[in-house]
Amino acid sequence: MAPNLRIKKACDAMKLLGISETKTRAFLRKLLKTYENNWDFIEEDAYKVLLDAIFDEADAQSTEKNKKEEEKKKKEEEKKSRSVATSRGRRKAPEPLVQDEEDDMDEDEFPLKRRLRSRRGRASSSSSSSSSYNNEDLKTQPEEEDEDDGVTELPPLKRYVRRNGERGLAMTVYNNASPSSSSRLSMEPEEVPPMVLLPAHPMETKVSEASALVILNDEPNIDHKPVISDTGNCSAPMLEMGKSNIHVQEWDWETKDILNDTTAMDVSPSSAIGESSEHKVAAASVELASSTSGEAKICLSFAPATGETTNLHLPSMEDLRRAMEEKCLKSYKIVHPEFSVLGFMKDMCSCYIDLAKNSTSQLLETETVCDMSKAGDESGAVGISMPLVVVPECEISGDGWKAISNMKDITAGEENVEIPWVNEINEKVPSRFRYMPHSFVFQDAPVIFSLSSFSDEQSCSTSCIEDCLASEMSCNCAIGVDNGFAYTLDGLLKEEFLEARISEARDQRKQVLRFCEECPLERAKKVEILEPCKGHLKRGAIKECWFKCGCTKRCGNRVVQRGMHNKLQVFFTPNGKGWGLRTLEKLPKGAFICEYIGEILTIPELYQRSFEDKPTLPVILDAHWGSEERLEGDKALCLDGMFYGNISRFLNHRCLDANLIEIPVQVETPDQHYYHLAFFTTRDIEAMEELAWDYGIDFNDNDSLMKPFDCLCGSRFCRNKKRSTKTMQILNKA
C-alpha cells in the first residue's frame, strides 16, 4: 500500500475518534521515524501504537495543566484569605449585648448592608410581594424608617444568576425579620419559609453546566438569615420563597434539554446555610441509564464525606460519558466507532430484565430500600429528606466484577479452546503482541512448504487410509520406536520415547553435542576473530503425517497439528516472575501442551534486532546443527515470539527438573533446518500448577542472545548459583 494511502487511512480512522488530521500526521511522523518507516507496527490492532502515543501525550499535557491550575487556585485562596483577614481586622469591635435598641439595631444592620455592597451591580431590591424593580428604581427609592423604633427595614435580596457570563434568572430571598425579632442579637435559629427551585423559563439548559446547589458562606452568619450564593456559571433554575419543597432536576445523557422526574427534599435553615467558608456539595443521585420499560435502572450516588468536600463539584453527565469512553479506549482498546458507554449500560439494563423474566430459580420478592436521608446525614447535609429509592438486589460483588473483566480469551478465538488470563496480584495486563496459531517467515528465512519436497518414501500416500496408528503395519511416517510411532492411541507420548528425550536433555552422560566449524551464532556477530563453537545438543525428533499422506486429520500421528485442547490459563505469578502459564485441570505424563510460535528469522536477522536494542524472545532451532560441514547463514533459523506468538511466550524457566520438555516435530518439510518445537509434560501435573521448561541458558555466558537473569525457579538443581540478596529473599518467601 502506498504511503499516502496509508496516511489517509490512518487519518480517517482517527477522525472517527475525534482526533484531528493535523495531530494524526504529527504523531505519524514521529512513529515512522521511530520504527524506520515500518507501517506494520503502526497499523496492527487498529492503530494501537498511534492511539497510545496520542493519549499518552494528552495525559501528560492534562497533568501539567491540572498542576498549573492547582497552583493558581492555591494562590487565589491565599490572596482571598489575606483579604478576609484584613477586612475582619478593620471591623469595629462588637458592643456589649445590653445596649439600647438603636445601638442593637446598628449592630444588626451593619453586616446586611455590607453584604449588599459586596454584590453591587449584581443585586437589586424587590418588594415583599416579589415584584422586581429595575436599577433606576433601586437608585431613586428612599429608605423607609419606622417612626416608632427607628429601625430600617431592608427589602428582600434579589440576585441574577449568570449563565455562561450572561445575566439570567433572578433569585429572590425574603427578609421576614420583624423589628421585634431583630432588635436583639438572638442566637436561636429563626424559622424561614421553605425555598423552592422552580423550572426555568423556556431556555436551553446545557448538560455541561453544574446541576447541583452549591452553598457558599463568605463570612460567619451571626443573624441566622438564609444566604444564597451567586455561583456565576450556575445553571440552577429560579430560586424563590414559597411554601412548597425544593425540586432538584436530574439530567439525562441523551435528552440534554429535557428535565426528568424531580426529587423532592425539604431544606431547613440548619441544612441550607453554610457554617464555614468552604464550598459544600449536597448529596446527589443521578440516573445514568434505564431499560426501555423503565423497570431496571442504573443510578450513580454521590455523597462526599464531611471534611472531604473542599474544591469538589458535580461533573456533568456529558463530561462523565466522554471520560468513560476515553478510558475504555485507552485501557480496553475499544475502538469501534459505534461503541457508547450509555448504550452499553442500557443493554445491561435490558439483559437484566430478560434474565429476570426468564429466571425460574426464584421470584424477585425482596428489594433493597436505600434511605437517602441517611446518606445525607453521613455527608453532612443534616435535615435533608429524600424519597426512598428501591434498587433490585444484585449478587455480583466488586471482586466478582474484577474477575469477570479479567477473564478473557487471549487467543482471540484462534485456538480450539479459550485461554483466559487473570491478574489477582495487581493491575498489570499482558504486554501487547499479535496472537498467531502458526509460525510465519519474517523476511529472509528460506522455508518453503511444497508437496514435491516429500518423496513417496517419506510419506504414506498409498499405504494408509484413515488412522496410521490403528494399522497393524507401520508406514513410512514411522520413526522406529516400538511399532514405529512416538504416540499412543490416547494421543500421549510413549513412555520409552519420552524418557529418551528427557535423558538426552538432562543427563550429561547421555548427551551428544555437535560442534560447527563456523558457528552461525559467532558468524552473525560480525567480528574478525570467531570464537569456537560451544556445541549444540543433538535431539531426537517426531515425524508427523502431512497433506501428502493418505490418512485423515484424525490420524493419531497428527497430535501437534490438531493444536491445543487442554484447559490452560495465563496468570500473574505471586513470586516475582511476572506472567506465567498454568493448567486448570490435571494433565497426564506425555501430554501435548502447545508449540512455540513466533516469527521465523535467520540468525543474522535476530542479531540485527539485538543490535537495534529491540526486545526478543528467541528460541534457536539448532537440533541438527553440526551435522553439516558448513551451515549457511540463511539456513540457520530461530523463532522469535516477542511481537507475534502464542501462549508459549508466557512459559517461565525452570532449571533441569521442569515439568515440560521441548521436542522437535517435523511436519511440512523434510528439511531439518526448520521444525516445530512442541512442549510435552514430563510427569503428571496437578490442576493450578504452573507450567515451565528449561530455557537451556548458561548463566555464566554474557555473550548469549538470551541475557542472563536472576533465576527464581526455586529448583534444587538451579544453575544460577550467584544470586543476588533480593533474589534469595524472594526464594525464601516462596
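Positions of Cβ are set from backbone N, Cα and C atoms, glycine also.
Swiss-Prot annotates Cys545, Cys549 as Zn(2+) 2-binding residues; of Cys477, Cys638, Cys655, Cys711, the candidate listed for that same site is Cys477. Residues Lys577, Gly578, Trp579, Asn652, His653 are recorded by Swiss-Prot as S-adenosyl-L-methionine binders, and the candidate that the same record lists for that site, out of Tyr607, Tyr675, Tyr695, is Tyr695. With respect to Cβ neighbours within 10 Å, the binding-site residues Cys464, Cys468 differ, and Cys464 shows the lowest count. Within 8 Å of the centroid defined by the CB atoms of Cys460, Cys464, Cys468, the record's Zn(2+) 1 site, lie the Cβ atoms of Ser463, Ile465, Ser471, Cys475, Asn476, Cys477, Cys545, Cys549, Gly550, Cys551, Cys555, Asn557, excluding the listed residues themselves. DSSP gives Cys460 (Zn(2+) 1 binding site) a coil state; it is part of no helix or strand. Mean pLDDT across the domain 'Post-SET' (707-723) comes to 79 in this model.
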